Amino acid sequence: MAPAWSFLLALLLLSCNAICSLGCHLPHTHSLPNRRVLTLLRQLRRVSPSSCLQDRNDFAFPQEALGGSQLQKAQAISVLHEVTQHTFQLFSTEGSATTWDESLLDKLHAALDQQLTDLQACLRQEEGLRGAPLLKEGSSLAVRKYFHRLTLYLQEKRHSPCAWEVVRAEVMRAFSSSTNLQEKFRRKD
């Protein structure tokens, strides 16, 4: 009987250790892949931004959703997930497939998919700790509206190379802001 209890206790301790080691450390798990996405987005550039100056547009980037002073780490994870998910969807459209280098686009999809997987694990963990959804509806809505404006702009411009260049630069801006947000939490930790 004693060996059975010893075995169960050892198994319980090992399970606890494995579960506890799955902690979500946003700045550490997300920053490097985020930089990878930025690098890939930079490499996608096909058109000189200066040749697309007439196509520039103010998409009203929701800076407050990514940089508000009241944003907590758990909410930041939700915002980052939302930005990553919409970026994945945007660069998975038929129009993007005809615009960008297929190999780079595949790498971008893989990097974004990995980020989504990591962020979803963090979301589940944080929601489990708090017992409630993390994202304030206002932040989620602001991010969704921002990406909707990008999509409408692409449709309006008929997915022209310059329109995609403008959108690529905008998405890089969103990812740069999320990197800054991560750095803010890294300094706090």
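Using N, Cα and C of the backbone, Cβ positions are placed for all residues, glycine too.
The disulfide bond feature in Swiss-Prot is assigned to CYS24-CYS122 (among others); the stated evidence is similarity to another entry. Around the Cβ of CYS122 (disulfide bond), 25 further Cβ atoms fall within 10 Å across all displayed protein chains.
Just so you know, the Cβ of CYS162 (disulfide bond) picks up 17 other Cβ atoms within 10 Å once every protein chain is counted. DSSP gives CYS162 (disulfide bond) a helix state. What Swiss-Prot records for CYS52-CYS162 (among others) is disulfide bond.
What Swiss-Prot lists as signal peptide is 1-23.
Reported as a whole number, the C-alpha separation between CYS122 (disulfide bond) and CYS52 (disulfide bond) equals 38 Å.
Around CYS52 (disulfide bond), the C-beta neighbours below 8 angstroms that are at least 6 residues distant in the chain are CYS162, GLU165, VAL166.
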